[in-house]
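Visitor: Encoded as structure tokens, here's the structure I'll be asking about.
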Amino acid sequence: MTKGLKIVTIGGGSSYTPELVEGFIKRYDELPVRELWLVDIPEGEEKLNIVGTLAKRMVEKAGVPIDIHLTLDRRKALKDADFVTTQFRVGLLQARAKDERIPLKYGVIGQETNGPGGLFKGLRTIPVILEIAKDIEELCPNAWLVNFTNPAGMVTEALLRYSNLKKVVGLCNVPIGIKMGVAKALDVDVDRVEVQFAGLNHMVFGLDVFLDGVSVKEQVIEAMGDPKNAMTMKNISGAEWEPDFLKALNVIPCGYHRYYFKTKEMLEHELEASQTEGTRAEVVQKVEKELFELYKDPNLAIKPPQLEKRGGAYYSDAACNLISSIYNDKHDIQPVNTINNGAIASIPDDSAVEVNCVMTKTGPKPIAVGDLPVSVRGLVQQIKSFERVAAEAAVTGDYQTALLAMTINPLVPSDTVAKQILDEMLEAHKAYLPQFFNKIEA
């Protein structure tokens, strides 16, 4: 009998963790997780203890022999791990709220993974994940790193280009959400639907859609023009598309494309929300407070349905399916973030792309799509340039590189506004950006 798997989740005190635990419980027969180590930082210790105790109740109720370990010692947890998943947030939700509110002051989209907010989440996150990568290299060099931390594309880009790890996969729930949305719009079972995904994280397109192997792209594009088929996420306003624009685009956009193709409407929605219910981070803080109160209930031993309000639908499906496919060498097709290696012709070979891959025990094998359609190619290339420059800024702490990244992002209207936002956000996040400030003060 083979020994069970050791999985380490960094950011284990996350409100999403019960969904991950549920995923491992459901798949125990094909994915024998023996140890699940939930790791967090001292500021997250209370949440870690609450969610970890719930996780223990869940595995006990399910009758599966998964040992749950809770720790603040990352290195202790990582020793001899088989898989490491990352789902942490540097600066917690308070930092996200600043990422959302500060750009709005300048009339710019304030969002977790797009525009200035996405840049600053990357600047805070990348140095931390590169330190984690060094620990993995030393303590569990054969482990797969499965990154869920946003901005997942930029973070995967940095891991591929600035760490020595080769076993790296970036993961997102957006493609699964699109697939579910397509099935709902067509009123069919999701297992009958396949989508040809290609692009970048939160910048992924469905180049074609198949129902029972037959293309139904035109039918899906027609359905997306109907407001009842918004196909968006909890965290993104479902502003209505112009049906003629979708037909001209001739691919399936994801919810995040509204920030680029409907910037005016999305900005208006954000400004209004910031004056009423609050920014998305502020809404999530309230949702999380409610969730952790539920998690404390000693009689709760399942994932509560209220977790779906948090916006991470299908998170565990994406993560557990990926880990199971690598472990079992399934050779099934999943959309993940991985090194391009020519899969998308107009993106550098050494960059991270989000594309359908055949999942094997040696990792994802991207399915080449050639060039992206001219209708979306330029935007994808522009965002990839932004991600590459942003990753460089995160690693070097160079002010001018950060200003370049901010300015070339298509959601930022001028170099002057870029500098104003950059300066204010650098100061606001100073505690989490030592690479910029230690240099200045040295």
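Using the three backbone atoms N, Cα and C, a Cβ is placed for every residue, glycine included.
These numbers come from a predicted model, not from an experiment.
Straight from Swiss-Prot, here's the annotation block:
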ACT_SITE  Tyr256  active site, proton acceptor
BINDING   5-73  NAD(+) binding site
BINDING   Arg96, Asn150  substrate binding site
BINDING   Cys172, His202  Mn(2+) binding site
SITE      Glu112  site 'Increases basicity of active site Tyr'
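Burial and contacts for the listed features, if you can.
Guide: Tyr256 (active site, proton acceptor) carries a helical DSSP state (H, G or I). A 10 Å cutoff on Cβ-Cβ distances gives Tyr256 (active site, proton acceptor) a total of 21 other Cβ atoms nearby, all chains included.
Around the Cβ of Val59 (NAD(+) binding site), 21 further Cβ atoms fall within 10 Å across all displayed protein chains. DSSP assigns Val59 (NAD(+) binding site) to a helix in the three-state reduction.
All protein chains considered, the CB of Arg96 (substrate binding site) has 25 other CB atoms within 10 Å.
Annotation for Cys172 (Mn(2+) binding site): spatial neighbours Phe148, Ala152, Asn201, His202, Val204, Ala318, Asn337, Glu354, criterion Cβ-Cβ under 8 Å with sequence separation of six or more.
In the three-state DSSP scheme, Glu112 (site 'Increases basicity of active site Tyr') is classed as coil.
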Visitor: Just to be sure I understand the packing, how many Cβ atoms besides its own are within 10 Å of the Cβ of Leu5 (NAD(+) binding site)?
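Guide: Summing over all protein chains shown, Leu5 (NAD(+) binding site) has 18 other Cβ atoms within 10 Å.
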Visitor: Taking only the recorded positions Arg96, Asn150, Tyr256, which one has a CA atom nearest to the CA atom of Ile68 (NAD(+) binding site)?
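Guide: In terms of Cα distance, Ile68 (NAD(+) binding site) lies closest to Asn150.
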Visitor: So, in DSSP terms, is Leu5 (NAD(+) binding site) helix, strand, or coil?
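Guide: DSSP call for Leu5 (NAD(+) binding site): strand.
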Visitor: Taking the Cβ of Gly23 (NAD(+) binding site) as the reference point, list residues of the same chain whose Cβ is under 8 angstroms away and which are at least six residues distant in sequence.
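Guide: Residues satisfying the criterion: Ser316, Asp317, Ala319, Cys320.
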Visitor: Ranking the binding-site residues Ser14, Asn150 by other Cβ atoms within 10 Å, which is at the bottom?
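Guide: Relative to the other binding-site residues in Ser14, Asn150, Asn150 has the fewest Cβ atoms within 10 Å.
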Visitor: Check the DSSP secondary structure of Arg96 (substrate binding site), expressed as helix, strand or coil.
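Guide: Going by the DSSP assignment, Arg96 (substrate binding site) falls within a helical segment, counted as helix.
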